[in-house]
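Presented below is the structure to which this report refers.
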C-alpha cells in the first residue's frame, strides 16, 4: 500500500490486488467489465498475465487498485511468488456454474498462505447471470466463507453486479487493517486552499455550505471539495450537525446522531442492469 507522491496524483491510496482461481472461471471477464484505468500490463511480455487498474471512491478517498490475474496458469507458484510481493489483497474467484472450480478453493488458499500469509481475502462467486446453471448453492459458499473468516460476494460482469462493491469491501478491509483510513494522518501534502477547505468542511455538512457568508464561487468550491474528498468527519464518528439560531440571532452547530452506512452492499441491491434468475 502506498500514498501518492505528489498532490497532482489522481488518487489518495494505491493498493495491489491479485485475482486467484482456476482457468475459465471468468477472472478476465471481471477485469474487462471495468471501464476506467489502464488495461495493458507493464509486464505484458510475460504470458498468462492479465492486468487492469481502476479507481474507486471509499469513504471519500480515491483508492487506485492494481488488479493482477494469473489466469490459473500451471506455473502459478513461480508467477505468484513474484507478484505477491507487495500485494495487499487477494480475490478468490470461482464459477457458480462449475462445481470443480469451487472445490479447488482449498488448493488455492494453501498456495496463498504459503507465499503471502495473512493477506486479506474475499470469496467471489462469478457469473451470477448463469444462476439457472448453478452447481454451487449460495448457502454452501456462504458457509465456506464464514469458515474461512472472509467476506463473500456473488458477482456478474455481464450485469455489472457487485463488481465494484466487492473491490470496495476488500479495499475497506485492507485500509482498516493497516489503519490507513481517512481518519488517519493526511496521505498527501495539501495546498493552502485545500487545507482551508478541509478545516471548513470537517465541521460543516454539505447542505449547510450554501448558508455560509462566503462568495458564491467559494461556496461552490467547498461543496465540490466536500463531496469529492469526503472530509466530513461525521460519517465515521456517527454524528451529523444541524444549524440552529438562538434568540440572539447567533448561529451555532449542534450534533445529531445518525446511523452509519453498512460496510457491505444491501442484499436487495437493484443496480444490476439485467435480470438474474
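Note that Cβ sites are derived from N, Cα and C of the backbone, with glycine treated the same way.
Here the structure is a predicted model, which means the values were calculated and not measured.
Per Swiss-Prot, the feature Mg(2+) binding site maps to 28, 69.
For 175-228, the entry in Swiss-Prot reads domain 'SOCS box', with the evidence type sequence analysis.
The annotation S-geranylgeranyl cysteine is assigned in Swiss-Prot to 274 on the grounds of similarity to another entry.
Feature annotation from Swiss-Prot assigns cysteine methyl ester to 274; the stated evidence is sequence analysis.
The annotation region 'Switch-I' is assigned in Swiss-Prot to 41-49 on the grounds of sequence analysis. Here the region 'Switch-I' (41-49) returns a mean pLDDT of 48 for the predicted model.
Per Swiss-Prot, region 'Switch-II' is recorded for 72-88.
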### Query
How many neighbouring Cβ atoms, not counting its own, are there within 10 Å of the Cβ of residue 28 (Mg(2+) binding site)?
16
